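Working notes, beginning with the structure itself.
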Amino acid sequence: MKISVVGTGYVGLVSGTCIAETGVNVACVDIDEKKIEKLNNGIIPIYEPGLEDIYKKNVEKGRLEFTTDLGASIKDADAVFIAVGTPPDEDGSADLKYVLGVAREIGKNMDHYLVVVTKSTVPVGTSEKVKQAMLEELEKRGENIPFDVASNPEFLKEGSAVNDFLKPDRIVIGTESKRARKVMKRLYKPFLLNGHPILFMDIISSEMTKYAANSMLATKISFINDIANLCEIVGADVDNVRRGIGSDPRIGNKFIYPGTGYGGSCFPKDVQALIRTADEKNYSLDVLKAVEAVNYRQKEVLFNKLFKRFDGDLKGKKFAMWGLAFKPKTDDMREAPALVIIEKLLEAGASVVAYDPVAMNEAERILGDKISYAKDEYEAIIDADALILVTEWSEFRLPNFRVMEKLLKNKIIFDGRNIYDPEELAELGFEYFAIGRKTK
(Lines of atoms letter the chains of each structure in order from A and count residues from 1; the text may use other names and numbers.)
(Lines give C-alpha, C1' and ligand atoms only; values in the text may rest on other atoms or scores of the structure.)
Protein backbone atom coordinates (compact mmCIF):
# COMPACT_ATOMS: atom_id res chain seq x y z
CA MET A 1 0.00 0.00 0.00
CA LYS A 2 0.93 3.63 -0.41
CA ILE A 3 -0.46 6.62 1.47
CA SER A 4 0.13 10.34 1.67
CA VAL A 5 0.04 12.28 4.94
CA VAL A 6 -0.43 16.03 4.55
CA GLY A 7 0.99 17.95 7.49
CA THR A 8 4.22 17.09 9.31
CA GLY A 9 3.29 18.44 12.70
CA TYR A 10 2.85 16.27 15.75
CA VAL A 11 -0.07 14.18 14.46
CA GLY A 12 1.09 13.88 10.87
CA LEU A 13 4.69 12.98 11.61
CA VAL A 14 3.86 10.39 14.26
CA SER A 15 1.08 8.86 12.15
CA GLY A 16 3.09 8.71 8.94
CA THR A 17 6.18 7.29 10.62
CA CYS A 18 4.26 4.63 12.53
CA ILE A 19 2.30 3.54 9.45
CA ALA A 20 5.59 3.23 7.53
CA GLU A 21 6.79 0.91 10.31
CA THR A 22 4.26 -1.70 9.07
CA GLY A 23 5.74 -1.76 5.55
CA VAL A 24 3.45 0.81 3.92
CA ASN A 25 5.09 3.40 1.66
CA VAL A 26 4.37 6.83 3.15
CA ALA A 27 4.91 10.27 1.66
CA CYS A 28 4.65 13.09 4.22
CA VAL A 29 3.79 16.48 2.74
CA ASP A 30 4.20 20.01 4.07
CA ILE A 31 4.23 23.47 2.50
CA ASP A 32 7.01 24.50 4.89
CA GLU A 33 10.13 24.01 2.76
CA LYS A 34 12.51 24.47 5.70
CA LYS A 35 10.73 21.80 7.72
CA ILE A 36 10.84 19.34 4.81
CA GLU A 37 14.52 20.13 4.25
CA LYS A 38 15.27 19.34 7.89
CA LEU A 39 13.27 16.12 7.78
CA ASN A 40 15.15 15.06 4.67
CA ASN A 41 18.39 15.78 6.53
CA GLY A 42 17.57 13.69 9.57
CA ILE A 43 16.21 16.44 11.83
CA ILE A 44 12.74 16.00 13.33
CA PRO A 45 10.94 19.15 14.59
CA ILE A 46 9.35 17.64 17.71
CA TYR A 47 10.47 15.70 20.75
CA GLU A 48 8.65 12.41 21.18
CA PRO A 49 10.21 9.33 22.83
CA GLY A 50 10.93 6.57 20.32
CA LEU A 51 10.01 8.59 17.24
CA GLU A 52 13.50 9.41 16.01
CA ASP A 53 14.60 5.78 15.87
CA ILE A 54 11.72 4.52 13.73
CA TYR A 55 11.84 7.68 11.60
CA LYS A 56 15.49 7.05 10.73
CA LYS A 57 14.92 3.33 10.15
CA ASN A 58 12.03 3.84 7.73
CA VAL A 59 13.77 6.65 5.84
CA GLU A 60 16.79 4.37 5.37
CA LYS A 61 14.54 1.56 4.11
CA GLY A 62 12.91 3.92 1.61
CA ARG A 63 9.41 3.58 3.05
CA LEU A 64 9.21 7.12 4.45
CA GLU A 65 9.80 10.24 2.39
CA PHE A 66 9.15 13.95 2.76
CA THR A 67 8.09 16.42 0.09
CA THR A 68 6.38 19.73 -0.58
CA ASP A 69 4.69 18.32 -3.71
CA LEU A 70 1.21 17.14 -2.75
CA GLY A 71 0.33 16.22 -6.33
CA ALA A 72 3.27 13.85 -6.63
CA SER A 73 2.60 12.35 -3.20
CA ILE A 74 -0.88 11.13 -4.12
CA LYS A 75 0.12 9.43 -7.38
CA ASP A 76 -0.73 5.74 -6.96
CA ALA A 77 -1.75 6.37 -3.33
CA ASP A 78 -4.56 4.35 -1.77
CA ALA A 79 -5.40 7.03 0.79
CA VAL A 80 -4.42 10.54 1.78
CA PHE A 81 -4.55 11.67 5.40
CA ILE A 82 -5.23 15.31 6.23
CA ALA A 83 -3.24 16.08 9.38
CA VAL A 84 -2.84 19.85 9.30
CA GLY A 85 -3.55 22.21 12.17
CA THR A 86 -6.99 23.43 13.21
CA PRO A 87 -6.12 26.42 15.40
CA PRO A 88 -8.88 28.09 17.43
CA ASP A 89 -10.52 31.06 15.75
CA GLU A 90 -11.23 34.26 17.69
CA ASP A 91 -14.61 32.88 18.82
CA GLY A 92 -13.12 29.56 19.96
CA SER A 93 -14.30 27.53 16.98
CA ALA A 94 -11.82 25.44 15.00
CA ASP A 95 -10.37 27.24 11.99
CA LEU A 96 -10.69 24.88 9.01
CA LYS A 97 -8.84 26.95 6.40
CA TYR A 98 -5.85 24.58 6.33
CA VAL A 99 -8.00 21.43 6.21
CA LEU A 100 -10.18 22.75 3.39
CA GLY A 101 -7.13 24.13 1.60
CA VAL A 102 -5.65 20.63 1.51
CA ALA A 103 -8.98 19.21 0.31
CA ARG A 104 -8.97 21.63 -2.62
CA GLU A 105 -5.38 20.73 -3.52
CA ILE A 106 -6.31 17.04 -3.52
CA GLY A 107 -9.25 17.81 -5.80
CA LYS A 108 -6.97 19.71 -8.17
CA ASN A 109 -4.39 16.91 -8.39
CA MET A 110 -6.10 13.53 -7.97
CA ASP A 111 -6.36 11.23 -10.97
CA HIS A 112 -7.74 8.01 -9.44
CA TYR A 113 -9.94 6.78 -6.61
CA LEU A 114 -8.75 7.90 -3.17
CA VAL A 115 -9.90 7.60 0.40
CA VAL A 116 -9.45 11.06 1.90
CA VAL A 117 -9.09 10.75 5.66
CA THR A 118 -9.47 13.59 8.16
CA LYS A 119 -6.88 12.86 10.85
CA SER A 120 -6.91 16.38 12.23
CA THR A 121 -9.26 17.06 15.10
CA VAL A 122 -12.21 18.68 13.35
CA PRO A 123 -15.74 19.74 14.34
CA VAL A 124 -18.84 17.76 13.47
CA GLY A 125 -19.71 18.29 9.83
CA THR A 126 -16.16 18.90 8.58
CA SER A 127 -16.00 15.76 6.42
CA GLU A 128 -18.96 17.01 4.40
CA LYS A 129 -17.14 20.32 3.87
CA VAL A 130 -14.05 18.42 2.74
CA LYS A 131 -16.18 16.47 0.28
CA GLN A 132 -17.77 19.62 -1.13
CA ALA A 133 -14.40 21.38 -1.49
CA MET A 134 -13.04 18.44 -3.48
CA LEU A 135 -16.15 18.19 -5.65
CA GLU A 136 -15.87 21.88 -6.53
CA GLU A 137 -12.29 21.44 -7.73
CA LEU A 138 -13.15 18.32 -9.72
CA GLU A 139 -16.05 20.16 -11.32
CA LYS A 140 -13.72 22.98 -12.36
CA ARG A 141 -11.55 20.36 -14.05
CA GLY A 142 -14.52 18.71 -15.70
CA GLU A 143 -13.57 15.44 -14.02
CA ASN A 144 -15.76 12.83 -12.35
CA ILE A 145 -13.17 10.89 -10.36
CA PRO A 146 -14.64 8.81 -7.52
CA PHE A 147 -13.44 9.28 -3.94
CA ASP A 148 -14.61 8.73 -0.38
CA VAL A 149 -14.11 10.82 2.73
CA ALA A 150 -13.51 9.12 6.06
CA SER A 151 -12.94 10.32 9.61
CA ASN A 152 -10.13 8.74 11.64
CA PRO A 153 -9.46 10.78 14.79
CA GLU A 154 -6.19 10.33 16.64
CA PHE A 155 -5.98 9.51 20.35
CA LEU A 156 -2.28 10.07 20.88
CA LYS A 157 -0.83 11.19 24.19
CA GLU A 158 2.24 13.39 23.94
CA GLY A 159 5.09 11.52 25.55
CA SER A 160 3.74 8.08 24.60
CA ALA A 161 2.42 8.74 21.09
CA VAL A 162 4.52 6.13 19.29
CA ASN A 163 3.36 3.37 21.61
CA ASP A 164 -0.22 4.67 21.44
CA PHE A 165 -0.19 4.46 17.64
CA LEU A 166 1.57 1.10 17.35
CA LYS A 167 -0.51 -0.50 20.12
CA PRO A 168 -3.87 1.32 20.06
CA ASP A 169 -6.63 0.57 22.53
CA ARG A 170 -9.12 1.43 19.81
CA ILE A 171 -9.19 2.68 16.22
CA VAL A 172 -12.20 4.83 15.38
CA ILE A 173 -13.15 5.15 11.71
CA GLY A 174 -16.16 6.98 10.38
CA THR A 175 -17.31 6.12 6.87
CA GLU A 176 -20.49 5.13 5.05
CA SER A 177 -18.58 3.58 2.13
CA LYS A 178 -17.87 -0.15 1.89
CA ARG A 179 -14.97 0.58 -0.46
CA ALA A 180 -13.38 3.04 1.96
CA ARG A 181 -13.99 0.66 4.83
CA LYS A 182 -12.09 -2.07 2.98
CA VAL A 183 -9.10 0.22 2.36
CA MET A 184 -8.97 1.40 5.97
CA LYS A 185 -9.34 -2.11 7.36
CA ARG A 186 -6.42 -3.31 5.26
CA LEU A 187 -4.28 -0.34 6.29
CA TYR A 188 -4.88 -0.82 10.00
CA LYS A 189 -4.79 -4.63 10.08
CA PRO A 190 -1.18 -4.76 11.43
CA PHE A 191 -2.23 -2.64 14.42
CA LEU A 192 -5.00 -4.99 15.52
CA LEU A 193 -2.80 -7.83 16.78
CA ASN A 194 -3.41 -6.77 20.39
CA GLY A 195 -7.04 -7.80 20.02
CA HIS A 196 -8.64 -4.37 20.00
CA PRO A 197 -10.98 -3.96 17.03
CA ILE A 198 -11.63 -1.12 14.66
CA LEU A 199 -14.76 0.75 15.70
CA PHE A 200 -16.54 1.56 12.45
CA MET A 201 -19.28 4.17 12.71
CA ASP A 202 -20.88 7.01 10.81
CA ILE A 203 -18.70 10.04 10.09
CA ILE A 204 -20.53 12.49 12.37
CA SER A 205 -20.25 10.15 15.35
CA SER A 206 -16.55 9.66 14.65
CA GLU A 207 -15.95 13.40 14.58
CA MET A 208 -17.88 13.82 17.83
CA THR A 209 -16.01 10.96 19.53
CA LYS A 210 -12.68 12.80 19.47
CA TYR A 211 -14.06 15.97 21.04
CA ALA A 212 -16.11 14.03 23.58
CA ALA A 213 -13.08 11.95 24.64
CA ASN A 214 -10.81 14.93 25.24
CA SER A 215 -13.58 16.87 26.95
CA MET A 216 -14.25 13.98 29.32
CA LEU A 217 -10.57 13.81 30.29
CA ALA A 218 -10.43 17.58 30.77
CA THR A 219 -13.53 17.31 32.96
CA LYS A 220 -11.82 14.78 35.24
CA ILE A 221 -8.82 17.08 35.62
CA SER A 222 -10.88 20.15 36.48
CA PHE A 223 -13.06 18.10 38.83
CA ILE A 224 -10.14 16.84 40.92
CA ASN A 225 -8.57 20.31 40.94
CA ASP A 226 -11.81 21.79 42.25
CA ILE A 227 -11.99 19.07 44.90
CA ALA A 228 -8.34 19.74 45.82
CA ASN A 229 -9.06 23.41 46.41
CA LEU A 230 -12.00 22.51 48.64
CA CYS A 231 -9.85 19.99 50.51
CA GLU A 232 -7.51 22.81 51.51
CA ILE A 233 -10.40 24.86 52.83
CA VAL A 234 -11.98 22.09 54.92
CA GLY A 235 -8.72 20.48 56.04
CA ALA A 236 -8.85 17.28 54.01
CA ASP A 237 -5.95 15.79 52.04
CA VAL A 238 -6.72 15.41 48.34
CA ASP A 239 -4.15 12.63 48.00
CA ASN A 240 -6.21 10.48 50.37
CA VAL A 241 -9.43 11.51 48.63
CA ARG A 242 -7.93 10.70 45.22
CA ARG A 243 -6.92 7.21 46.33
CA GLY A 244 -10.32 6.69 47.90
CA ILE A 245 -12.34 7.54 44.81
CA GLY A 246 -9.81 6.09 42.35
CA SER A 247 -10.20 2.66 43.93
CA ASP A 248 -13.76 2.60 42.61
CA PRO A 249 -13.54 0.85 39.19
CA ARG A 250 -16.37 3.05 37.93
CA ILE A 251 -14.07 6.05 38.40
CA GLY A 252 -10.52 4.70 38.08
CA ASN A 253 -7.31 6.48 39.01
CA LYS A 254 -6.38 8.04 35.68
CA PHE A 255 -6.64 11.80 35.20
CA ILE A 256 -7.53 12.47 38.83
CA TYR A 257 -4.17 13.88 39.91
CA PRO A 258 -4.52 17.50 41.06
CA GLY A 259 -2.14 20.11 39.77
CA THR A 260 -1.85 23.43 38.01
CA GLY A 261 -4.41 22.77 35.28
CA TYR A 262 -4.29 21.16 31.85
CA GLY A 263 -2.50 22.59 28.84
CA GLY A 264 -1.09 21.38 25.54
CA SER A 265 -2.36 21.44 22.00
CA CYS A 266 -5.52 19.38 22.52
CA PHE A 267 -7.56 19.79 25.70
CA PRO A 268 -7.86 23.61 25.77
CA LYS A 269 -8.57 23.85 22.05
CA ASP A 270 -10.97 20.91 21.88
CA VAL A 271 -13.01 21.89 24.94
CA GLN A 272 -13.35 25.39 23.54
CA ALA A 273 -14.30 24.12 20.08
CA LEU A 274 -16.97 21.75 21.43
CA ILE A 275 -18.47 24.55 23.52
CA ARG A 276 -18.58 26.70 20.39
CA THR A 277 -20.17 23.89 18.34
CA ALA A 278 -22.94 23.59 20.92
CA ASP A 279 -23.43 27.37 21.05
CA GLU A 280 -23.91 27.41 17.28
CA LYS A 281 -26.72 24.90 17.73
CA ASN A 282 -28.27 27.01 20.52
CA TYR A 283 -27.27 24.51 23.20
CA SER A 284 -25.18 25.39 26.22
CA LEU A 285 -22.60 22.86 27.41
CA ASP A 286 -22.67 24.15 30.99
CA VAL A 287 -20.45 21.39 32.38
CA LEU A 288 -17.66 22.11 29.90
CA LYS A 289 -17.94 25.85 30.44
CA ALA A 290 -17.33 25.18 34.13
CA VAL A 291 -14.43 22.85 33.25
CA GLU A 292 -12.83 25.65 31.27
CA ALA A 293 -13.40 28.24 34.00
CA VAL A 294 -11.89 25.97 36.67
CA ASN A 295 -8.83 25.37 34.50
CA TYR A 296 -8.19 29.07 33.95
CA ARG A 297 -8.35 29.60 37.70
CA GLN A 298 -6.18 26.58 38.50
CA LYS A 299 -3.28 27.88 36.43
CA GLU A 300 -2.99 30.77 38.90
CA VAL A 301 -3.20 28.68 42.09
CA LEU A 302 0.56 28.32 42.61
CA PHE A 303 1.16 32.00 41.98
CA ASN A 304 -1.57 32.93 44.45
CA LYS A 305 0.03 30.73 47.12
CA LEU A 306 3.40 32.31 46.44
CA PHE A 307 1.97 35.84 46.43
CA LYS A 308 0.35 35.23 49.80
CA ARG A 309 3.48 33.67 51.32
CA PHE A 310 5.55 36.74 50.42
CA ASP A 311 2.83 39.18 51.55
CA GLY A 312 2.34 40.45 48.02
CA ASP A 313 5.88 41.80 47.78
CA LEU A 314 7.61 39.97 44.92
CA LYS A 315 9.56 42.86 43.44
CA GLY A 316 13.23 42.03 43.14
CA LYS A 317 12.77 38.45 44.26
CA LYS A 318 14.18 35.52 42.32
CA PHE A 319 12.28 32.29 41.80
CA ALA A 320 13.47 28.96 40.44
CA MET A 321 11.11 27.00 38.22
CA TRP A 322 11.40 23.29 37.56
CA GLY A 323 9.45 22.27 34.47
CA LEU A 324 8.20 24.35 31.55
CA ALA A 325 6.46 21.87 29.25
CA PHE A 326 2.76 21.33 29.89
CA LYS A 327 3.54 17.77 30.97
CA PRO A 328 6.55 15.39 31.13
CA LYS A 329 8.07 13.62 28.11
CA THR A 330 7.35 16.44 25.69
CA ASP A 331 8.75 19.85 24.77
CA ASP A 332 5.27 21.21 24.05
CA MET A 333 4.59 24.47 25.89
CA ARG A 334 1.31 25.37 24.25
CA GLU A 335 -1.13 26.56 26.95
CA ALA A 336 1.39 25.42 29.58
CA PRO A 337 0.62 26.48 33.18
CA ALA A 338 4.27 27.54 33.50
CA LEU A 339 3.66 30.38 31.04
CA VAL A 340 0.84 31.79 33.17
CA ILE A 341 2.93 31.63 36.35
CA ILE A 342 5.95 33.22 34.65
CA GLU A 343 3.85 36.05 33.24
CA LYS A 344 2.37 36.88 36.64
CA LEU A 345 5.77 36.72 38.36
CA LEU A 346 7.30 39.08 35.82
CA GLU A 347 4.35 41.47 36.14
CA ALA A 348 4.97 41.52 39.90
CA GLY A 349 8.60 42.49 39.38
CA ALA A 350 10.18 39.12 40.14
CA SER A 351 12.78 37.27 38.08
CA VAL A 352 12.67 33.62 37.02
CA VAL A 353 15.41 31.05 36.45
CA ALA A 354 13.99 27.94 34.80
CA TYR A 355 15.07 24.43 33.93
CA ASP A 356 13.29 21.76 31.90
CA PRO A 357 14.97 18.54 30.70
CA VAL A 358 13.58 18.87 27.17
CA ALA A 359 11.72 22.16 26.62
CA MET A 360 14.56 24.68 27.00
CA ASN A 361 14.84 25.46 23.28
CA GLU A 362 11.09 25.85 23.00
CA ALA A 363 11.07 28.09 26.07
CA GLU A 364 13.77 30.33 24.60
CA ARG A 365 11.80 30.54 21.36
CA ILE A 366 8.67 31.64 23.23
CA LEU A 367 10.10 33.69 26.10
CA GLY A 368 13.44 34.90 24.78
CA ASP A 369 15.38 36.82 27.42
CA LYS A 370 12.38 37.47 29.67
CA ILE A 371 13.68 34.75 31.99
CA SER A 372 17.01 33.06 32.66
CA TYR A 373 17.81 29.45 31.79
CA ALA A 374 19.79 27.02 33.93
CA LYS A 375 21.89 24.09 32.73
CA ASP A 376 20.34 21.79 35.34
CA GLU A 377 17.85 21.78 38.19
CA TYR A 378 20.42 22.62 40.85
CA GLU A 379 21.85 25.62 39.02
CA ALA A 380 18.31 26.97 38.75
CA ILE A 381 17.83 27.16 42.53
CA ILE A 382 21.06 29.00 43.43
CA ASP A 383 20.10 31.98 45.65
CA ALA A 384 16.43 31.57 44.73
CA ASP A 385 13.82 32.87 47.16
CA ALA A 386 11.76 29.74 46.49
CA LEU A 387 11.42 26.76 44.16
CA ILE A 388 8.30 26.38 42.03
CA LEU A 389 7.76 22.89 40.62
CA VAL A 390 5.36 22.95 37.67
CA THR A 391 6.08 19.81 35.60
CA GLU A 392 6.58 16.41 37.25
CA TRP A 393 9.58 15.16 35.27
CA SER A 394 10.98 11.96 36.77
CA GLU A 395 14.36 13.60 37.53
CA PHE A 396 12.60 16.03 39.86
CA ARG A 397 10.98 13.33 41.98
CA LEU A 398 13.93 12.44 44.22
CA PRO A 399 16.20 15.48 44.44
CA ASN A 400 18.94 15.86 47.02
CA PHE A 401 17.23 18.08 49.57
CA ARG A 402 20.47 18.45 51.55
CA VAL A 403 22.10 20.03 48.51
CA MET A 404 19.01 22.10 47.84
CA GLU A 405 18.93 23.65 51.31
CA LYS A 406 22.48 24.93 50.78
CA LEU A 407 21.68 26.45 47.38
CA LEU A 408 18.29 28.04 48.04
CA LYS A 409 18.15 31.42 49.74
CA ASN A 410 14.97 30.30 51.50
CA LYS A 411 13.98 26.69 52.11
CA ILE A 412 10.61 27.12 50.42
CA ILE A 413 9.04 24.78 47.85
CA PHE A 414 5.80 25.29 45.92
CA ASP A 415 4.88 21.87 44.55
CA GLY A 416 2.34 22.14 41.74
CA ARG A 417 2.15 18.36 41.23
CA ASN A 418 2.16 16.98 44.79
CA ILE A 419 5.20 14.79 44.19
CA TYR A 420 6.96 15.40 47.50
CA ASP A 421 6.30 14.08 51.01
CA PRO A 422 5.14 16.89 53.32
CA GLU A 423 6.39 15.10 56.43
CA GLU A 424 9.87 14.53 55.00
CA LEU A 425 10.21 18.16 54.00
CA ALA A 426 8.93 19.35 57.37
CA GLU A 427 11.59 17.26 59.13
CA LEU A 428 14.23 18.86 56.91
CA GLY A 429 13.00 22.33 57.79
CA PHE A 430 11.45 23.24 54.45
CA GLU A 431 8.32 25.30 54.05
CA TYR A 432 6.18 23.25 51.69
CA PHE A 433 3.11 24.33 49.73
CA ALA A 434 1.14 21.85 47.62
CA ILE A 435 -2.27 21.47 45.94
CA GLY A 436 -5.07 20.35 48.25
CA ARG A 437 -2.81 18.65 50.78
CA LYS A 438 -2.12 19.01 54.47
CA THR A 439 1.33 20.54 54.80
CA LYS A 440 3.44 21.23 57.85
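If you go along the chain as it appears here, the first residue is 1 and each next one adds 1.
Using N, Cα and C of the backbone, Cβ positions are placed for all residues, glycine too.
The Cβ of CYS266 (active site, nucleophile) has 25 neighbouring Cβ atoms from other residues within 10 Å, across all protein chains displayed. Positions annotated as active site, nucleophile by TrEMBL: CYS266.
Around THR121 (NAD(+) binding site), the C-beta neighbours below 8 angstroms that are at least 6 residues distant in the chain are THR86, ALA94, PRO153, GLU154, LYS210, TYR211, ASN214, CYS266, LYS269, ASP270, ALA273. According to its DSSP assignment, THR121 (NAD(+) binding site) is coil. If you look up TrEMBL, you'll see ASP30, LYS35, THR86, THR121, GLU158, LYS269, ARG334 marked as NAD(+) binding site.
Look at GLY263 (substrate binding site): DSSP puts it in coil. The Cβ of GLY263 (substrate binding site) has LYS299, PHE326, LYS327, MET333, ARG334, GLU335, ALA336, PRO337 as same-chain neighbours under 8 Å, each 6 or more residues away in sequence. Residues annotated as substrate binding site in TrEMBL: PHE155, LEU156, LYS157, GLU158, LYS210, PHE255, ILE256, TYR257, PRO258, GLY259, GLY263, LYS327.
The annotation domain 'UDP-glucose/GDP-mannose dehydrogenase C-terminal' is assigned in TrEMBL to 320-422.
Taking CA atoms as the reference points, PRO258 (substrate binding site) and ASP30 (NAD(+) binding site) are 38 Å apart. Taking the Cα atom of each, GLU158 (NAD(+) binding site) and ILE256 (substrate binding site) are about 18 angstrom apart.
Residue counts for the domain 'UDP-glucose/GDP-mannose dehydrogenase C-terminal' (320-422) by DSSP state, with H, G and I taken as helix and E and B as strand, are 37 helix, 18 strand, 48 coil. Counting every protein chain shown, the Cβ of GLU158 (NAD(+) binding site) has 24 other Cβ atoms within 10 Å.
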